[in-house]
Amino acid sequence: MNSKNYHQKKRFGQHWLVNKKILEKIKEIAVLNENDFILEIGPGKGALTAKLLDSKIKKLHAVELDNDLINLLNDKFNNNDKFSLQHGDILSVNLDSINKKITKVIANIPYNITGPILDIFIGRLGIIRNCNYEKIIFLMQKDVVDRILSKEGSPNAGALSIRMQLLSKIKKICDVPPSSFSPPPKVFSSLVVFEPINDNLRLDISLEKYIDKLLRISFNSRRKMLRNTLNSILSNEEMNELSESSKVCFKLRPQDISINQWIKLAENCIKIKK
């Protein structure tokens, strides 16, 4: 298929990056080397793919959902030994055979699957721990990136921002206007890099799961004070003990609690519940 004859499908949320400066910027911040095994999610017509394959990398494995693009991509990169292509939905496709080989994940994420993508790929930096990702580079909706970067006390702080910051160091590179895409979306995007927290600083798996539990309970009623959310799992006596041992005021709302305080709350809650 000729790429000029292909028309985007709205159901896939396709907004292809056409800004050459941003394409070059992604390649630059990836800091590619001959040992890199790249996973590219949703290569589209292959503009970014071509940039990455032009670098000294070991392998690029692309996952594409749109069946009409499979032939186009195969025709375009069939003669490149560094390229492999898998047809499937990134939210459900089996990557077990290559997951431990992947060093960097790069994607222009469709807005409609941003949340699930973050859960899968940033989540792997934590509980799953069966990956060697050095860096995850996502081009994604600006307001989601702004939420992820929110600190305690911000109205945008939430379970998403706390979980992402627990598992990775996050750096926003730049904002990207709608005109950089074809067709242009209605909102701005941001280019962001996630790097896994140093192994020595990673949380114990059971502790990480308990933090998730506390976040889920607390942010389900984010306008309520901690005392009025955690009472679903703690008695008044236990809450008083937890507040004192963690040095956290239970009159605070969840968005006002720092990451270190969430860690303390989870650590001490586990002790109390033993």
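Each position is counted from 1, following the chain as shown.
The backbone N, Cα and C atoms fix where each Cβ goes, and this holds for glycine too.
For the S-adenosyl-L-methionine site that Swiss-Prot gives as His15, Leu17, Gly42, Glu64, Asp89, the extra residue drawn from Asn108, Asn112, Asn132 is Asn108. The candidate set comprises the binding-site residues Glu64, Asp89. Of these, Glu64 has the most other Cβ atoms within 10 Å.
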